[in-house]
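Now, the feature entries from TrEMBL:
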{"type": "DOMAIN", "residues": "87-164", "note": "domain 'Cation-transporting P-type ATPase N-terminal'"}
{"type": "TRANSMEM", "residues": "136-164", "note": "transmembrane segment"}
{"type": "TRANSMEM", "residues": "176-193", "note": "transmembrane segment"}
{"type": "TRANSMEM", "residues": "331-351", "note": "transmembrane segment"}
{"type": "TRANSMEM", "residues": "381-407", "note": "transmembrane segment"}
{"type": "TRANSMEM", "residues": "811-831", "note": "transmembrane segment"}
{"type": "TRANSMEM", "residues": "843-860", "note": "transmembrane segment"}
{"type": "TRANSMEM", "residues": "888-910", "note": "transmembrane segment"}
{"type": "TRANSMEM", "residues": "953-971", "note": "transmembrane segment"}
{"type": "TRANSMEM", "residues": "983-1003", "note": "transmembrane segment"}
Amino acid sequence: MDYASFFLVPGRRKTMPHKRWRMALTIIYTCRAFAKKHLSAVLLRSPSYVAIDVRDAAGAAPDPLISFAAARKSSFACLVKEKQYDSLQRLGGAAAIAAALLSDAEHGIAGDPSDLRRRREAFGSNTYPKPKPKSFFVHVVDALGDVFLLVLVACAAVSLGFGIKEHGIKSGWYDGASIFLAVFLVVAVSAFSNHRQSQRFDRLAGECDNIDVTVVRDSRRSEVSIFDIMVGDVVILKIGDQVPADGVFLAGHSLQLDESSMTGESDPVYVGADENPLLSSGAKVVDGYASMLVTAVGTDTAWGEMMGTITRETTEPTPLQERLSGLTSSIGKAGIAVAVLVFAVLLTRYFTGNTEDENGQPEFDKRHVSANSVVSALVGIFQQAVTIIVVAIPEGLPLAVTLTLAFSMKRMMQDNALVRTLSACETMGSVTAVCTDKTGTLTLNQMKVTQFWIGGGEQIEIGGSGKGTTAADTATAIAGTVLGLFHQGVGLNTTGSVYKAGPLSELEISGSPTEKALLCWAAAELKMDAEELKKSYKVIHVEAFNSEKKRSGVLIKENYGRGTVIAHWKGAAEMIMARCVKYFDSNGMIQELGIDQRVKSEQVIKGMAASSLRCIAFACKQIEAKDSGIQAEAPKLEDDGLVLLGLVGLKDPCRPEVKSAIRSCRDAGVAVKMITGDNIFTARAIAKECGIIQDDDYDGLVIEGQEFRNYSAEERMERVDRIRVMARSSPFDKLLVVQCLKQKGHVVAVTGDGTNDAPALKEADVGLSMGIQGTEVAKESSDIIILDDNFDTVVTVMRWGRCVYNNIQKFIQFQLTVNIAALVINFVAAVSSGKVPLTTVQLLWVNLIMDTMGALALATDRPTKELMKKPPVGRTEPLISNVMWRNLLAQAVFQVAVLLIFQFAGQAIFGVSEKINNTLIFNTFVLCQVFNEFNSRKLEKKNVFEGILTNKLFLGIIGVTIVLQVIMVELLTRFADTQRLNWGQWGICVGIAAISWPIGWIVKCVPVSSTPVHQLLTRCKAF
């Protein structure tokens, strides 16, 4: 009864046996319905038969696709997951299952919205439940994981208790509550920032999973998201595709799958109608092509079950974050050392009676001492030391990296680059060599046939614009025999398709750009009828195209007449020419391909290549029935002794922006190498047009892959830097180039689109796959997906990579300035006077400014043109450059000098009380950081205001910081332990802080050595 519901569905044309089965099943179902007395029959007529529509007691008609539920009960969902080959045979094979699912191998499902909705309701969607991302509360807990913050919380609790005990609840809660509030602000802002970035990473990661799949719906091929695949869909698979759902093999040739992601076995698995016809979701197509019927989606597949249990972690540290963690550790150790010294000094001064209270009396008096006062003082001293540690440890560095990565990833997505690996953002800033494809990356990937030559070397006019034979119609200029063979060679030896909805409809052509160009040309110029070809010939065997063979072949048999068997080949012109021994002339006669004729054909190929045309040759061979291998399990196509049909030249113009992009790479010290499968003449012409080869580049090499492969290891290492173009390259050649460049110390980025490019993409420091032409295997092997297949986007990604590194350096310079100034001023003041000018709350506020808000302000700058005018940053170059040391030391010395003057002479200079003086110190210190944020925007340029209006976030952060600082000083005086300042005092603070601008300008006039500091110190020790 597996197909009972199928036979009851109205609107289906059936053969006579099917009608009899339907009649029998109708009677059985009707009897059951009447026996139960719950159903009533209503007759509905269709043009071809009478069916019974069964309604329930309420009179409502059942779901038109009630058969879907029956199919689900028939365990279609478990057919592939449990490898039920016996069930497949029992159910009648793929064709019968397709019929049961209201689908068709040729036409697919209806695909209208109501059909898709009912299928989704019956079988579910092709999605799987993803683990919930971290909640905001989890990020709060993570932020509280800082040991020193927890110690501060404990100190705040003790301070709160002693304060209330000593001064009463009315005024004793201020100190402890202020610290609690300050810690809360630090934790809340940090957790909020991390939560936002985590959400952004999750959204971008979801884009990586959303791949396009080719399906047949309503007789048309179309691209749909993998998440929109439905049970019953007919999916078209080709080399490099991922099997989007579980399904059954319908038709195809030489299909081999890589199921290592599920089984762990690396050997390809052969799939065919008779042998292993089940396809598992998640497998990759490594050879051949096929169509499959989807039988299960989502969590009904083994892949969906597995993916539903995997948690996507986005917290894996990048190389830059690991380097920063080392820097953070070093700074933290210095901070702990200073804090220990401050604690020891304050403790000693307290117990020796050198620490005085507000009235000038010693805080510790042996004659009038109490346990409460001693404990309270010790807690206060310990609290000051811990606060110094909190300020010293730059928690903002990891946050700055996260912010700039998240910001750059979002902007790169808008610039047509999807980042799959976070570390790739950073590494792109250090790239020194780019190995790029030609087709689609340097060119527009808009193929068009512009030249056509018959095998004898006679050019045929195309579209009324050719030289040679003049004919209004190309088809009439070719002998009928040759024309028919061209129809077969183009229309059957292809992975594309031609669809025409009606006599007056336009042709709908799908496939790769090359296939589409050839099919369009054959249909328009050669009057090819694709539907008639399919009816007249049967495809016996296919040799799919790949980048190693550079050709594809098909073995076909005539359905009518003598049943002639013909092998057709097409591919790279010189590859096909080498296997040809004869050719067709314009009269359709077969001639021997002698030396003169071969030379003439080779000249035609070179002429096309010199005009930047891709030259494709067509050849065929008639095969005797006894030698065709039709009965063999895997017949082999003969590729020798071929007859040349003709040559076709396709034009693919260079992208208009690619020349300037390559010039930008050259200015940035990045070498661009074109590695292509085209012949050497076409490759050279395109390279000149793009600017990869220049007239004054006498040292550059243009070679073929085989030549490079045949070099010795020493020769390869010697010449790899000089290579500008590598033609007729295989994926192994590309891998070899990458390995040689890395051995020479280069940071290498590689573009790739084919399945065979995967090794090179993985070997490179940054793998860049193509979003349009790239296979799923290539995309999974890459770090970044170039969504528009454009080389200019590669340069944009490089610019963003440099921007990430530059933003991190700006923030490091800013934060180290604050750290040095805060540590020095607190240490000197503690040693000299026994008091620290900046209280716990004030230091926590400074920590908030420089960590979170500073990271937001400085880590979100956009890339500038100047970034691509400097050489790339090396792998081992220090994070803190000599330029940064110059800038930060100048600012730190200025701030320390000012604050120490305020500390020791401020009361006398300004004639104010100690509390107002401490407020002046706090206010000046914070405003110095505000002004220094402007200096930190540009590490080397004197004009720090350039482009400032384009960074609204920076201006917003500055504005918020100033407003909050005013509130801290003027309104929250008890909380921040400050006293209100008058206009004159505010003017003094702003004026002194503003001096950091001219200091920054003057300092940048001082030249510094490019040799890192540690190397200079090493040289000094040597002397």
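Just so it is clear, glycine is given a Cβ too, placed from its N, Cα and C backbone atoms.
Note: TrEMBL annotation is automatic and uncurated.
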Counts of helix, strand and coil residues, the domain 'Cation-transporting P-type ATPase N-terminal' (87-164), according to DSSP: 49 helix, 1 strand, 28 coil
Same-chain residue ranges lying at least 6 outside the transmembrane segment (888-910) that approach it to Cβ under 8 Å: 813, 816-817, 820-821, 824-825, 828-829, 832-833, 837, 916-917, 920-921, 924-925, 928, 932, 935, 985, 988, 992, 995-996, 999-1000, 1003
Contact yes or no, the transmembrane segment (843-860) and the transmembrane segment (983-1003), 3+ Cβ pairs under 8 Å, gap 6+: no
Chain residues in Cβ proximity to the transmembrane segment (176-193) (below 8 Å; excluding those fewer than six residues from its ends, i.e. six or more beyond): 136, 139-140, 142-144, 149, 152-153, 155-161, 163-164, 383, 395, 399, 402-403, 840-841, 844-845, 847-848, 851-853, 855-856, 974-977
Average model confidence [pLDDT] within the domain 'Cation-transporting P-type ATPase N-terminal' (87-164): 81
